[in-house]
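Report on the structure given below.
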Protein chains: 4
Amino acid sequence: MILQSDKPKEECAIFGIYNSKEAANFTYLGLYSMQHRGQESSGIVTTDGSHLYRYANMGLVANIFTQPKIKELIGDSAIGHNRYSTTGASFLRNAQPIRVESHLGPVALAHNGNLVNSWDIRNRLERDGSIFQTTIDSEVIVHLMAKSHKTDLLEALCESLGQVRGAYSLLVLTPRYLIAVRDPNGFRPLVMGKRSDGAIVFASETCAFDITETEYVRDVEPGEMVVIDHTGMRSLYPFPKAKPSLCIFEYIYFARPDSYIFEESVYKVRKSLGRQLARVMPVEADVIIPVPDSANIAALGYSEESGIPYQSGLVRSHYIGRTFIEPDQKIRDFGAKIKYNVVKEVVNGKRVVIIDDSVMRGTTSRKIIKMIRNAGAKEIHFRVSAPPTVSPCYYGIDIPTHKELIASTHSIDEIQKYLRVDSLAYLTLDTMHKAVEGHKGGGFCDACFTSNYPVEFQDHAGNQKSLFTEYATEE
Amino acid sequence: MILQSDKPKEECAIFGIYNSKEAANFTYLGLYSMQHRGQESSGIVTTDGSHLYRYANMGLVANIFTQPKIKELIGDSAIGHNRYSTTGASFLRNAQPIRVESHLGPVALAHNGNLVNSWDIRNRLERDGSIFQTTIDSEVIVHLMAKSHKTDLLEALCESLGQVRGAYSLLVLTPRYLIAVRDPNGFRPLVMGKRSDGAIVFASETCAFDITETEYVRDVEPGEMVVIDHTGMRSLYPFPKAKPSLCIFEYIYFARPDSYIFEESVYKVRKSLGRQLARVMPVEADVIIPVPDSANIAALGYSEESGIPYQSGLVRSHYIGRTFIEPDQKIRDFGAKIKYNVVKEVVNGKRVVIIDDSVMRGTTSRKIIKMIRNAGAKEIHFRVSAPPTVSPCYYGIDIPTHKELIASTHSIDEIQKYLRVDSLAYLTLDTMHKAVEGHKGGGFCDACFTSNYPVEFQDHAGNQKSLFTEYATEE
Amino acid sequence: MILQSDKPKEECAIFGIYNSKEAANFTYLGLYSMQHRGQESSGIVTTDGSHLYRYANMGLVANIFTQPKIKELIGDSAIGHNRYSTTGASFLRNAQPIRVESHLGPVALAHNGNLVNSWDIRNRLERDGSIFQTTIDSEVIVHLMAKSHKTDLLEALCESLGQVRGAYSLLVLTPRYLIAVRDPNGFRPLVMGKRSDGAIVFASETCAFDITETEYVRDVEPGEMVVIDHTGMRSLYPFPKAKPSLCIFEYIYFARPDSYIFEESVYKVRKSLGRQLARVMPVEADVIIPVPDSANIAALGYSEESGIPYQSGLVRSHYIGRTFIEPDQKIRDFGAKIKYNVVKEVVNGKRVVIIDDSVMRGTTSRKIIKMIRNAGAKEIHFRVSAPPTVSPCYYGIDIPTHKELIASTHSIDEIQKYLRVDSLAYLTLDTMHKAVEGHKGGGFCDACFTSNYPVEFQDHAGNQKSLFTEYATEE
Amino acid sequence: MILQSDKPKEECAIFGIYNSKEAANFTYLGLYSMQHRGQESSGIVTTDGSHLYRYANMGLVANIFTQPKIKELIGDSAIGHNRYSTTGASFLRNAQPIRVESHLGPVALAHNGNLVNSWDIRNRLERDGSIFQTTIDSEVIVHLMAKSHKTDLLEALCESLGQVRGAYSLLVLTPRYLIAVRDPNGFRPLVMGKRSDGAIVFASETCAFDITETEYVRDVEPGEMVVIDHTGMRSLYPFPKAKPSLCIFEYIYFARPDSYIFEESVYKVRKSLGRQLARVMPVEADVIIPVPDSANIAALGYSEESGIPYQSGLVRSHYIGRTFIEPDQKIRDFGAKIKYNVVKEVVNGKRVVIIDDSVMRGTTSRKIIKMIRNAGAKEIHFRVSAPPTVSPCYYGIDIPTHKELIASTHSIDEIQKYLRVDSLAYLTLDTMHKAVEGHKGGGFCDACFTSNYPVEFQDHAGNQKSLFTEYATEE
């Protein structure tokens, strides 16, 4: 069986560095530290001021990049990308950074986020004679640049970005420039730092700064374009201002707890979510256990607030491959057992509170609950450190469709029955926002909980056909 | 750089199953669940009653075994092995299970533990004309069997085992028999279970039973030989009785917390060690943080006993490969940073207690402590949930030599200075034993803490030369 | 050392089949039989009437295509391509058939020959916003189609081909059409045949018909476009008529002797060239030996005409890889020795005539001659079954530059001295043409011997820079 | 389909070199030049006077050995081996040279030929406690040495070889010695040479001397053991004298025409066989065509003697892989077509004489004949430059069993009918021997034509069971 996670998937991590003797090596380390944001493919493009050098492959950062590959990626500026595919099929051709040659010279691009009008633009461009190389949304940005009559690259980039809508934290590398841009709503994070040797660094999360000994300076702001070349660094705001719509799911689930994003500690917010949950959804019980590892911090918050002891009642395997060979004699809850095992000692005869950070389809949760019940739990109370997820995301997170989201089609009572728990409760929308109250960055996007989408989107379901029938070995 | 752990390494996991339609598939799952006991190579041998079928390769279980490979491993009995090399070079030729053809017919063998007189025997056998295929200690067992004049396999096996000394939890597979043996001291664990379809299962730990839906029945006892064939199951005790010497390090570090070994819950013992530590080595502090993941449970015990809150102050990466490309501009504490990152939010301005389960060389501990100090910790207290490790193990654990073990050559004060902590304390020997007090299984081996070796060993350092210069790709 | 041949290289083979239940399998066999025309990469595109399915890889046909791959290439029409790179770097991305998606739908294209104005067109298209995927000349054809305002694919193809100049034997596959086109000069061969089950087949040479049990019908004529779809087969002549300029080097060296191309047997023409050579350049000698295998047939002709016995005095190895590890103690004539060895028995004490079909740089010839001299030959007479090669080819053959071509910069006498032979003679231009006299197909291109280029070419040396710095593993 | 040749297979090539700075590199080149004697696996063992270094793999020499591998094979003496399996399954474990460690220290061995009593010895050794590593006959030699009570390696080797019977051209390498031995009958060739830098070289054929710039000195004589160490070179004759029984098939088919073996030119003997055939089995015809490439030289002999012109009427592909994907619509004579194609121009309307060197099952011959008939041949006369092959070989050539050999079970008339030729004739036994008349080396083994076996053999058909069920990927 192919192992499927019941968690939403982040689409990617981006990393960029300007003016470092070991640009490729630092990019490799930065990407390694952000592997949790995309495990499908990775790539690095460097420049020595004349050419662009690229290497990308399917797989994990630590396996793809070897010493000789890093050595071949010469030059003192670089951008890198970890990909999990939200748009476009899962093939090497779709690995980022994209690199193309056009009348503007060579350009490379690493993109985190999703454009909502890329299929319209793509269809228009194809009608006009463009031939696309990939099936990912980001490619329209370079085609729009190639089509631009602007001969200045920055102008062409601004013109191009002026036509796309949606979420983009973007790094652009040319022989001259390293450019970092965040869309006007600022959906996805993008932090900026500085190394003691003067190198400027960009990354999706600050955990990439820790491993590269970079000091966190500030976020690239929503709508800001930071341009670096040999003349120095400039900050531009070329787009109309928009309402900040930072992705709150980054705090709830995606980002590493040791990162700072949107200018706040992920650990702090995540624990605060757990505390809020304990306040509004208390329960009498003997033990708190998280669904590891993503719910650990929220569970600690719940435990502290409630006084009920926290235990590691579920052990998670870290040796997981993509597929598993299931016996013909079906093993109950096989998919969950491959990943989790219950510590009987912890739950046997106990009233157990399970903390999870989100529930999508509910299938894995149900299996975990059954395993805990079979291990002898007397009562099981399920608590979710976020509101019910009712709508998909069009800005770069792979959340299932309405039809698949259990909270979109079922009441809390029905979900409780489906999960077979003694009680079930979610965080309320208000208390979730309380956990980020006073947040300097301002507004958040909570569309997956409310269906209030800050940027209108095209229903591209119908268009998102695979362009080609492709073979994995092909490229 | 090659990433080196400062933790002792377990040499292997073994798994066996008799009378199951999907013997190979269950063995694969069992090995997968015990991947923590050996990540270098894995192998499975099956039998259909006439032939033995073998497949082994370097790497992780989830990567090595594919559906077609499993299908080729026909038959309804099987044994499997995960290897981390304690003796013998790291080559495919040394992967277990060993399978040989001799006058006794085909025999396969999976061995967990270390023999202490294998080099003597090997030298004697070579002088007598034997040609060895591997450089692992286990091979002497099959050579002694091949040399035996007994024509009965069981007698030949007993005669062979009568000549070796040391630690062995052993599974032997022939077209007729599945045999499970544990050495008279019972150094290494070996559990026995039963599936509802009647299959008999053996494994190093019970976590392998959970994934294969096997009910835990009992341990194979020290000195016991369990023999299964078409006539049924027999239990023999062919060796002179010896003092039980169960490896206490299995509880402290190796075994999975969700396993039962030596007839007790690992989680329970591990937490008890943490509680004992809090009692005898208390400290005033703001926060308890474990070195994840192995010290998590002991830290929970320490936290519960002391009342000081437990926090996940260190984040551990699970995307680690075998080697990492370090920049020429050295990154401080690179080796530790690849694996761990500090959550600044948790430790900044705090008095921190770090809980670890053991300290070998102390190098990684020192780096972690420095990272926590740099993140703003006000005080750092280091607590170890075991006594100082002062001696190597000759029974199957890869503990560094006396020279390398910091506690073997330095006083507690000196270690505290080296680690640069505000206080340092270990669990005492007595309180460690208290944590397993009343243990049904009886005595434990604590040689690594006391240098009291239950079985005399040959100083084979001088003999442990590599026999051949071998190339990794060769076989 | 990388082994370099001193022979010109053919750029490719193409194969197409319409209306066959096993289109992919027959294409695979056809490509296999034309492996001599390109050994760098191969690819097949099939269609089931709705989609295009593609697989391409670096390496030999017999290694690349496996049963599962062939099975995945579903549909009853297919085109295939063997590539040796004349334009564009040697990367998988450049493997043909090219397949793109544009407003005309999916289109695949396999091209043999070289365009002479592709760089001009490419630069124009890039200035206009096109982004190219490969560095091969053939890609401009699909970009011109994509840019066309014609909505009918045939019209767009004609419009596109109306803009390119040079050599193209072309197969185009869409869900509806299989189209075969030969440029107005007919530089490169393209034969058409029919299988007994009704399938229509196209190939570069008839040897591909023998293995696929196809009956040779006729050549696609210079300037002809054959269009097949469900309504039947049509023949169009959409281009202005031009003087036929069939590549005479196909007869001299490239094509297999068992093939018919340009409506004549290659074996017959090649032998006739040998006979002519014996007539105009006779010599007294004891033995005729060819440089195997390409000069074998001409040598037989020379032997028959002269009465001097033909012997296999040089043995050629067929186990050659791309690179060879040379000892530090240099072996004399290593590059030649890896490929050829002398049969001492044949040449010792003899007056030897060596027959070769062409001399480019002369370096390998010189080494072979030295080896034969060392084996005891009394006299060595070198005869070439073609005129001196003085100019490069711009229509699809990889002939060295003027500077490298020994006959371009040296007189016959000087070459004789360089080769250290007792006599040296080439076929004259007139007698070469006599060997193809009365040829139904009409005129030949002999530009490599005369510098009379039938189609004006752009000196693209300056433009033929590599677009990107690419890594072999990348794609 | 798996492509099967209807030719007998040679089991191997051996190469050895003593006292050369680039021992591994020269061995690699020597093995490369003798690739025709074994294409399944290759290996090299070197010594620096202390250790043995080994690398072996499945596949062709030019693909297996890379620069880094050659560099790792340090030391100034080496032996190498190309294997085609006659005994033992086709797995890497069976690749030679064998290398073992015993009480005599490390020993490596490369063996060409077949032992006829190895299974008896093996069974005896296994009963006595030996465990074999491979399933090849050569391994008994090292086990007998390991079992020997002689502490001197040479004495142990002589004692071991004194117990085996059959064919062996053997190279033995230890940190001290390079030893070359040929069995008393001298079945298989073994030549000795010297490089100008003083290195001593051994090889199966002299073609290996040409590429390594080695001067051919003499053959290792039947029954001779040449021993080289730092004290110099000695020649021993430790075995009882036997009747020379050189393999005549080496001249007929196996050896390269540019080699000298048994102190005579292969080309000369092979051509003489063709001349004899023309004398005793003449025919009126228009054209002589060989089955390429092995029958080329005999065909030249036949042509010269008969005056009928020689033509290359069959083209042979050299891009052949191990398997081919056949369409479901069967292609007539597919197996032969993958390898051969007819030049219609040569045979159409002609009376054709086909020359082949041997016929085993006759299946491929029949297909080739049919292809030539379909190409328009008026008459087909089949001539074989050897007598009918009626018996298998037990000395190292893989000739089919009696049951499969068409000449063993059918009369010449019946074969002619089966092949559908207008006439069929073989060389007579007497005239075959005439072609090697006055041969210095003395007697030949012609058992495959006469069933007169010079050394009694064990019918090991029954014993030649595969010992293990093995998987190709295992080792």
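Including glycine, each Cβ sits where the backbone N, Cα and C put it.
Sequence annotations record features per position, and here TrEMBL assigns active site, nucleophile to D:C12. Under 8 Å, Cβ to Cβ, and six or more positions away along its own chain, D:C12 (active site, nucleophile) finds D:R37, D:G38, D:H81, D:N82, D:R83, D:Y84, D:Q96, D:A110, D:H111, D:N112, D:S204, D:G396. Under DSSP, D:C12 (active site, nucleophile) is assigned to a strand (E or B) in the three-state scheme.
Among the features that TrEMBL reports, [4Fe-4S] cluster binding site is placed at D:C247, D:C393, D:C445, D:C448. Classification of D:C448 ([4Fe-4S] cluster binding site) by DSSP places it within a helix.
Here D:D357 (Mg(2+) binding site) comes close to D:I252, D:Y253, D:R270, D:L273, D:V291, D:S294, D:A295, D:A298, D:V384, D:S385, D:A386: these same-chain residues lie at least six apart in sequence, with C-beta atoms under 8 angstroms from its C-beta. The Mg(2+) binding site annotation in TrEMBL covers D:S294, D:D356, D:D357.
Across all of the domain 'Glutamine amidotransferase type-2' (D:12-231), the predicted model scores a mean pLDDT of 94. TrEMBL lists D:12-231 with the feature domain 'Glutamine amidotransferase type-2'.
Surrounding the centroid of the Cβ atoms of D:C247, D:C393, D:C445, D:C448, where the record places [4Fe-4S] cluster, the chain contributes additional residues within 8 Å, namely D:F187, D:I248, D:F249, D:Y395, D:I397, D:I399, D:D446, D:A447. A 10 Å cutoff on Cβ-Cβ distances gives D:C247 ([4Fe-4S] cluster binding site) a total of 28 other Cβ atoms nearby, all chains included. When the binding-site residues D:C393, D:C445, D:C448 are compared by the number of other CB atoms within 10 angstroms of each CB, D:C393 has the fewest. Under a cutoff of 8 A between CB atoms, and with a sequence separation of 6+ in the same chain, the neighbours of D:D356 (Mg(2+) binding site) are D:P290, D:V291, D:A295, D:S365, D:F382, D:R383, D:V384, D:S385.
Counted within 10 Å of its Cβ, the other Cβ atoms near D:S294 (Mg(2+) binding site) come to 20, all protein chains included.
Apart from the site residues D:S294, D:D356, D:D357, the chain places the Cβ of D:K7, D:I252, D:Y253, D:P290, D:V291, D:A295, D:A298, D:I355, D:S358, D:V384, D:S385 no farther than 8 Å from the centroid of the site's Cβ atoms, the recorded Mg(2+) location.
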